[in-house]
Amino acid sequence: MKKKLVSRLSYAAGAFGNDVFYATLSTYFIVFVTTHLFNAGDHKMIFIITNLITAIRIGEVLLDPLIGNAIDRTESRWGKFKPWVVGGGIISSLALLALFTDFGGINQSKPVVYLVIFGIVYLIMDIFYSFKDTGFWAMIPALSLDSREREKTSTFARVGSTIGANLVGVVITPIILFFSASKANPNGDKQGWFFFALIVAIVGILTSITVGLGTHEVKSALRESNEKTTLKQVFKVLGQNDQLLWLAFAYWFYGLGINTLNALQLYYFSYILGDARGYSLLYTINTFVGLISASFFPSLAKKFNRNRLFYACIAVMLLGIGVFSVASGSLALSLVGAEFFFIPQPLAFLVVLMIISDAVEYGQLKTGHRDEALTLSVRPLVDKLGGALSNWFVSLIALTAGMTTGATASTITAHGQMVFKLAMFALPAVMLLIAVSIFAKKVFLTEEKHAEIVDQLETQFGQSHAQKPAQAESFTLASPVSGQLMNLDMVDDPVFADKKLGDGFALVPADGKVYAPFAGTVRQLAKTRHSIVLENEHGVLVLIHLGLGTAKLNGTGFVSYVEEGSQVEAGQQILEFWDPAIKQAKLDDTVIVTVINSETFANSQMLLPIGHSVQALDDVFKLEGKN
């Protein structure tokens, strides 16, 4: 237990450091570039640098598949992922620190040389951060085969990530002002920004090392793959999966909207309100609100469904933009508007994340093959493209409004304020309206639709393997659970009652522990963990299905201790379910056990009478003779 806790806390520390770094890179570095890197009025160099940053960030997207493939091929004594997490974390942190300098003043004396060096260092930083980020988030399946432990680790990571992303906003102004030689500028001076970057770099390095020392990768042949991912494949999957495509479009516009407004908030508090400390107060509130908001997602999604929750999130964000836009010089009203805008963001992100995850099965049903890694890679791709473009918008807005080196709230003209407010409030509002319009018209992959798809995939698998010959003259099947024995024709589902997925038996479960009835291989495991297919050495395929309609629960109340491709021993616990969760959802908890390719046998018989109470691993069903 202590080892698991250390692993969770270490991974949470890694998530904290990862988001501290990303928040600095994606939001605050552009503020440094526009307000401190060059002399007042040097708009040309600022424009060149921001365009260079945008080009590098978009170009780096082309390298992402190569980065993923390099990580997949890594073999070391420390595992597959940790070398990249630790090494990438150290190198990217040091490179980021260097970017918060003027390289000895050559940005003024030798601008062309500076641009070349800046581009090289930025590219190194961006590539190694991508190695670290990709390796870090890909680690979760490698830390445990237990789905419950993975979920706990993910929860710890979400907490660390939320705190990291928001804490930067809390401390950035106090840190910069504390270390600045001059306090005249609301955003400090170069010295203050350097010490802020130094702290970020130290956090990035220490948390990366913490992940390396505190986590342990579970060696599994299941994750070994020689298949290479290419950007062409990603776009091919998008073209074949209309739900993924339209959701990606909606999410791209959504990301442009929220990223642009979020990145402009420090400018707003510094140059419109003239109170940069108000920004720290805002992110202090955001830190706690973000943790609370995300915790309500399961209950809100269950009550309203995900699509309606997304609409509600956009409505509240638009309300927040409206309040924010009329706040004028009021700090209190600005904070109210900013919070209305922020509160729904974690919820909307989780809606998108869940639908993208469900799009894996949608694409599988539509194309006949499963593209999980490619499908899940779409969100980071959209995030990077949207983040690069929103950063570019921010730099143009800052230049146009005059919020550059030497500017203060008193030097911003009325025209500059008007341009800034239009860009900060009107542009994101339009982006959100476009996003919700696409979502409403094109995205129909609800929880109910996904549950239907999961059941259809299970039926397809059974029908496609029904005629697979078993290399055995007879087969005796033990019960995987304890409970009361039933005939299949007593099951309230025609697919099972009519033996469309093979002959077998059913049980009213006495508890939620599910054991492997024989030694074999996990051929299929539903993402919702409510069904599993095992195959023994003779090619006999057995389906264990927990409850009726339980795919709707989307994994809630179900735990898996194995994954597809796992080798299991007879009597090994493979699944567990919490019966009250099924009954609370008013669903049938009957456990169905069928031999998918039972048609290859001539005869079947029950070894125990119907209604008999059986213990897990008792022999209850036999097939013999060859058809």
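Note that Cβ sites are derived from N, Cα and C of the backbone, with glycine treated the same way.
Pulled from Swiss-Prot:
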- 493-597: domain 'PTS EIIA type-1' (DOMAIN)
- His545: phosphohistidine (MOD_RES)
- 1-460: region 'Permease' (REGION)
- 13-33: transmembrane segment (TRANSMEM)
- 46-66: transmembrane segment (TRANSMEM)
- 84-104: transmembrane segment (TRANSMEM)
- 111-131: transmembrane segment (TRANSMEM)
- 159-179: transmembrane segment (TRANSMEM)
- 193-213: transmembrane segment (TRANSMEM)
- 244-264: transmembrane segment (TRANSMEM)
- 281-301: transmembrane segment (TRANSMEM)
- 309-329: transmembrane segment (TRANSMEM)
- 336-356: transmembrane segment (TRANSMEM)
- 392-412: transmembrane segment (TRANSMEM)
- 419-439: transmembrane segment (TRANSMEM)
Recorded stretches the transmembrane segment (392-412) and the transmembrane segment (336-356) touching, at least 3 CB pairs under 8 Å: no
Same-chain residues at least 6 beyond the ends of the transmembrane segment (193-213) with CB under 8 Å of its CB atoms are 10-11, 13-14, 16-18, 20-21, 24, 28, 32, 36, 78, 82, 85-86, 88-90, 92-94, 96-97, 99-101, 132, 136, 139, 168, 172, 175-176, 179
Protein Cβ atoms within 10 Å of His545 (phosphohistidine), excluding its own: 26
Suppose I define contact as three or more CB-CB distances under 8 A, residues 6 or more apart in sequence; do the transmembrane segment (46-66) and the transmembrane segment (244-264) meet it? no
Quick check on the domain 'PTS EIIA type-1' (493-597): DSSP residue counts for helix, strand, coil, in that order please. 14 helix, 47 strand, 44 coil
Taking only the residues in the domain 'PTS EIIA type-1' (493-597), give me the average pLDDT of this model. 94
Run the contact check on the transmembrane segment (309-329) against the transmembrane segment (419-439): 3 or more C-beta pairs under 8 Å, excluding pairs closer than 6 in sequence. yes
Under an 8 Å Cβ to Cβ limit, what residues of the same chain, 6 or more beyond the ends of the transmembrane segment (13-33), are close to it? 46, 49-50, 53, 85, 89, 92-93, 96, 99-100, 125, 129, 132-133, 136, 156-165, 167-169, 172, 187, 193, 196-197, 200, 203-204, 206-208, 210-211, 214-215, 259, 262-263, 266-267, 387, 391, 394-395, 398
Counting Cβ pairs closer than 8 Å to the transmembrane segment (281-301), the top stretch among 111-131, 159-179, 336-356 is 336-356
How about long-range neighbours of the transmembrane segment (159-179): same chain, 6 or more residues beyond its ends, C-beta under 8 Å? 11-20, 22-24, 27-28, 187-188, 191-196, 199-200, 266, 276-277, 279-280, 282-284, 286-287, 290-291, 294, 346
